[in-house]
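S.K.: For reference, the structure I am asking about is given below.
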Amino acid sequence: MKAPPMMMVLWRSTSLTMRWTMLTIAVLIWSASAICAMYLHAREVVWIAAIVDGYAGLFAGLTLLAPSLLLAVDARQLRIPRMHNVVLPGMIFYALTLAAIPSILLTLAGGEFAGIFAIQMLGLTAGTALGLLPRSVAAVSGFVPVLVSSFRPYLALPHWASGGLFCVLAGVALFCSVIAVRWRRQLRSVDPYRLSASRALVMQNRSQTMGWHRWGGWGQSRDSALAMQTVPAWMLPKADLNGTGPRDPARSLRVALGGWLLPITWHSMLLRWVSVLVPMAIIASLCARSAGVSILSLLGLIVHGMTFGVWVWLAGYGGAALSLVVAVTLQQRWRKANAELPLLALLPALGHGWPLVRNLLRASLLRVLTIQAVLLALVLAVALIQHVDAWSVGIALLGQVAAAGIALVFALSNFGGVSVPKWSAGLIAALCFGLVGFDNVCMPFFSPSPVLGGSSTVLLASAWMLVILALGWMAWRGWCGVQRRPHPFLPA
Amino acid sequence: MNAVLEYPDNVSASPLTASGLVHCYEGSNVLTGVDLTLTPGSVLGLVGRNGTGKSTLIRAMLGLLEPLAGSAFVFGEPALKLSDEAKSRIAYVPQQPEALAWLTVQQMLDFVGRFYPRWDAPFIRTTLERWKIQPNRLLAKLSPGERQRVDLIRAFASQPELLVLDEPAASLDPVARRELLRELALRAGESGTTVLFSTHIVSDLERVASEVAFLHEGKLLLHCGVDETKERYARLWLPAKMTSAAPSQSLSRRRNQDGSLSLIVERDRYGQWPQASTMPGARIDALGLEDLFVEIAE
């Protein structure tokens, strides 16, 4: 096969929406960072622009390069000859192109090509590796801004002269090794399509309901009912049916909606907490032993040492993640015509009209909004204690409002039958997590002074405002739909 | 749903009525003005090819989707605004039910049972035992056939006056299918339950249904008693030279390779076949239900 068509195979095999969305976002980020670097005339700005481009590269690696595995796996399973020889060179070609374009742009703006290129490759390989690792590993991807902020004082910029470049290159080599190992393992698996927790993230996200040849699963949530088939029964939470029935429609609706909204027994709750707290306690005790202090002293030191930025990150990231869990659950329930919707629509004694909608909103939002309120109170209390400036408090507040808004928007949109694209939850998540990450540019973890000046704070606040306005508009559309519909249990 | 406010005359008497239902998906018409009324105590089998809109019709009739036009009534109430009283008299089993996968069989039945005033708990116990379904198993872990049987138990346990089943036998093995048909016949015969079920399996329909309705290309082509179909419908075969005499009204019309014409025709109100059937060379063939279905659907 000739080179140009060979390169097109990989391009065409990615999801149409995803490749154009990702490409548009990448071009916008590249252009914006190059323009900033060109006109701000500060050496530091070029490196920040390179890191921002690298961050975009991480998502490009995750959404454009890693899904090449699907093509390779399918080609192997279908015994299509020479396809593998097309996929790998194609991947390398796209990786180099995606790294070269921003590097050239920033070099023209006065940057150092080698260092910038290394950062881009680090982002791309990290993203690709993330896509090839199990889904559970992806959960820690949200910690990337924290890690970058945490190690910022110890990391040197990747100049030729300093050791920073080799540090970044070592990272690239590490991610390349992970990619090679995971690629080989997934490709040679006896049944790569089998549902299991160790499958690559891209294999997990392959849409289960749209046929195995379709790669449109990106940005869509995995069906929770299907997911339950892969988990042993004893690990699944046990529903607590006490108090359900016509006397408490809201609690009954929580049972019917399932997922994170499901009321569970004390035994299940305990099991869930133990499975989270025990590993944390082990890690904490190891850290305490190495530091020569007790666990309680260590905890005290951590809490005492936590800056406002850390609290903002914890509350913002945690709040948005919780809202997304609710949003995805509701989206799944309102997508299926043969599951909970017909059951609820024909279940007597659930109520009608506004009381029913109120109960539905209570069932889906009360818990998540209570947690958001607690997080907000915590952030405000810390701000008061640490005498944080008004701008930082404002940004933290906006972030928390946006996080809470996600759950409300998806609830109203689903109940009101307003069409929300399946990938929208993923897009909003990326947007919020991205902005929460950028919050730490203004409120760094280990320093009271911001990385960038006042203008970036204004920009960040404006970005949050825009997100909130968009969410508000979506919520209004949903609310109009709720009022128009004869009952909320109609498919969205 | 502008027509919700217009109450047809037969609404109050019928457990389920559809009038002029229109619906489409992504620009293609699925229902193009369907009228259907169920007589109390009848067992209506709804047949049609894949994608002809059987499930959509059922869902629109029960108020589970908003049709683009037309109206549906359940026990005289608009389907989209049913009272609790009406809801407690209905049971519906969707095709490949997937509801409440996070509960065990027993939990799901306990939970749903709290909402129905006439919940038959002893029936559940005996049927779970008879159908060999473990009550403590998680619904998510059941096979599609087991899941369908659990949902059928759920539907029967509410002792409904109107039972609506969408392809109830699709995932069932022959033994379970036979048991389901027996249960349906029992419910209809002894309790006077009105049943609407969609199916592809014409033999099931012949075994249990009292009425049949053919849905084809979004339209209800015929609706009559199962025993009536043989008497009322037939295939009229006309040789090539006589095709011009073919009646304009027919349920289906197919030109054969030799130029002859095959039509599915209906007796008129005086019980007579169309005039063309009496012409020399013309032939009337009686058809079984399955042949009739194939002839219409082809």
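Glycine residues also receive a Cβ, built from the backbone N, Cα and C atoms like all the rest.
Okay, so TrEMBL annotates it like this:
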TRANSMEM  A:46-73  transmembrane segment
TRANSMEM  A:85-107  transmembrane segment
TRANSMEM  A:113-132  transmembrane segment
TRANSMEM  A:161-181  transmembrane segment
TRANSMEM  A:276-302  transmembrane segment
TRANSMEM  A:308-330  transmembrane segment
TRANSMEM  A:365-385  transmembrane segment
TRANSMEM  A:391-413  transmembrane segment
TRANSMEM  A:425-446  transmembrane segment
TRANSMEM  A:458-476  transmembrane segment
S.K.: Which one, A:46-73, A:113-132, A:276-302, has the most C-beta pairs under 8 Å toward the transmembrane segment (A:85-107)?
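M.R.: Most contacts with the transmembrane segment (A:85-107): A:46-73.
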S.K.: Could you name the stretch, out of A:113-132, A:276-302, A:365-385, with the greatest number of CB pairs under 8 A to the transmembrane segment (A:46-73)?
M.R.: A:113-132
S.K.: Taking a Cβ cut-off under 8 Å, which residues six or more beyond the ends of the transmembrane segment (A:365-385) line up next to it in the same chain?
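M.R.: The answer is 250, 261, 306, 308, 311-312, 314-315, 318-319, 322-323, 325-326, 392-393, 396-397, 400, 403-404, 407-408, 411.
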S.K.: Counting only residues 6+ away from its ends, which parts of the chain sit with a Cβ under 8 Å from the transmembrane segment (A:391-413)?
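M.R.: Distant Cβ neighbours of the transmembrane segment (A:391-413) are 308, 311-312, 315-316, 319-320, 322-324, 326-328, 330-331, 360-361, 364-365, 368-369, 372, 375-376, 379-380, 383, 420, 425, 428, 432, 435-436, 439, 442-443, 454, 457, 460-461, 464-465, 467-468, 471-472, 474-475, 477-479, 481-482, 492.
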